[in-house]
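Features as listed in TrEMBL:
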| type | residues | note |
| --- | --- | --- |
| BINDING | G168, R169, S170, I234 | NADP(+) binding site |
| DOMAIN | 6-121 | domain 'Tetrahydrofolate dehydrogenase/cyclohydrolase catalytic' |
| DOMAIN | 141-287 | domain 'Tetrahydrofolate dehydrogenase/cyclohydrolase NAD(P)-binding' |
Amino acid sequence: MTANIIDGKAAAERLRQQVGLEVSRLVTEYQLQPGLAVVLVGDDPASQVYVRNKGRQTVAAGMLSLEHKLDVAVPENELLALVDRLNNDPAVHGILVQLPLPGHIDEQRVLQAIDPAKDVDGFHPANVGRLATGDPAAMAPCTPMGCTLMLREQFDGALCGQNALVIGRSNIVGKPMAQLLLRESCTVTIAHSRTRDLPALCRQADIVVAATGRPEMVRGDWIKPGAVVIDVGINRIRFEGEEKARLVGDVAFDEVVEVAGATTPVPGGVGPMTIACLLRNTVVAACLQRGVSCGLV
Ligand SMILES: Nc1nc2c(c(=O)[nH]1)N[C@@H](CN(C=O)c1ccc(C(=O)N[C@@H](CCC(=O)O)C(=O)O)cc1)CN2
């Protein structure tokens with residue numbers, strides 16, 4: 001069997017089209033132009049690329065994009081003061097502080113300073129709690145949300161009752177991913193570095209979401225034939241004899257593609273959906289703040 005390779009770029013393009021149409025409707029009917037503010041601290045090259053892409057895609061969807069670039073040594077209280085200004089700016093419906101932050105800044109303190117209504121990353125404890133309690137108004141983190149939308153497409157909406165294994169328990173991917181799959185009525189298991197006999201657990205799963213941070217950890221012989229495998233990993237590896245670093249996921253793609261029913265590539269799988277979901281969350285946040293219905297929920 002050779003797996004269907006899920007095209008994350010195409011899925012993201014479809015979602016961006018829907019977002020763009022919804023923005024046009026909001027502008028026409030309510031003079032409501034959703035606005036997204038992105039804060040970047042420092043000059044990490046990958047973060048700079050992600051922030052640039054967020055800005056471009058926000059503008060392309062007809063939304064207002066504000067970028068705030070702060071020096072790597074910015075004191076924490078200056079960053080908190082900026083978040084406070086953005087919380088009180090009526091043109092801003094969504095706020096995102098690009099992660100990771102430099103070591104001298106308390107990441108949790110900054111994320112908790114964002115108004116939960118504008119927290120389009122879904123990292124504020126209020127949104128974490130809303131997601132865990134099944135509140136439909138919860139802002140869900142963008143990467144797991146993108147994975148969920150791709151899984152819905154693969155299963156034609158029939159995720160109910162599927163055995164899902166999430167490998168990884170981070171606050172950004174693993175835990176919210178498990179909550180979103182639970183919301184879809186999957187039977188969810190969370191595995192992590194202390195899990196015993198991970199390959200055996202994996203072989204029982206209809207859905208595997210790999211967010212381990214360990215390059216190519218999930219092997220082909222761990223996968224149940226026909227299972228759907230979503231690879232969240234982004235690892236830059238320099239292979240012997242190659243000049244440029246290559247991007248690989250947490251899944252051994254060449255092996256898994258021979259066994260799975262469908263799988264995501266890296267690059268071009270989950271990554272592009274992350275930014276498309278950010279645009280979606282911003283539109284949803286703008287609608288909730290204005291008290292108008294949203295065509296994207
Ligand atoms: N505040 C946040 N910070 C970070 C998040 C996040 O969701 N919120 N996620 C990541 C970075 N990220 C978005 O911010 C992101 C990562 C990867 C991609 C992507 O499209 N990746 C491409 C490969 C790109 C490359 O060559 O590097 C792919 O997988 O095809 C988009 C967004 C951490 N920080």
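Cβ coordinates come from backbone N, Cα and C, glycine included.
Feature annotations (TrEMBL) mapped to structure.
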| residue | record | Cβ contacts under 8 Å, 6 or more apart |
| --- | --- | --- |
| G168 | NADP(+) binding site | G174, M177, A191, H192, V209, A210, A211, T212, G213, V232 |
| R169 | NADP(+) binding site | K175, I190, H192 |
| S170 | NADP(+) binding site | A211 |
| I234 | NADP(+) binding site | L247, G249, V266, P267, G271 |
(Q) For a three-state summary based on DSSP, what are the helix, strand and coil counts in the domain 'Tetrahydrofolate dehydrogenase/cyclohydrolase NAD(P)-binding' (141-287)? (A) 53 helix, 28 strand, 66 coil
Q) So how many of the residues in the domain 'Tetrahydrofolate dehydrogenase/cyclohydrolase catalytic' (6-121) end up helix, strand or coil by DSSP? A) 61 helix, 19 strand, 36 coil
Q) Max Cα distance spanning G168, R169, S170, I234 (NADP(+) binders), Å? A) 16
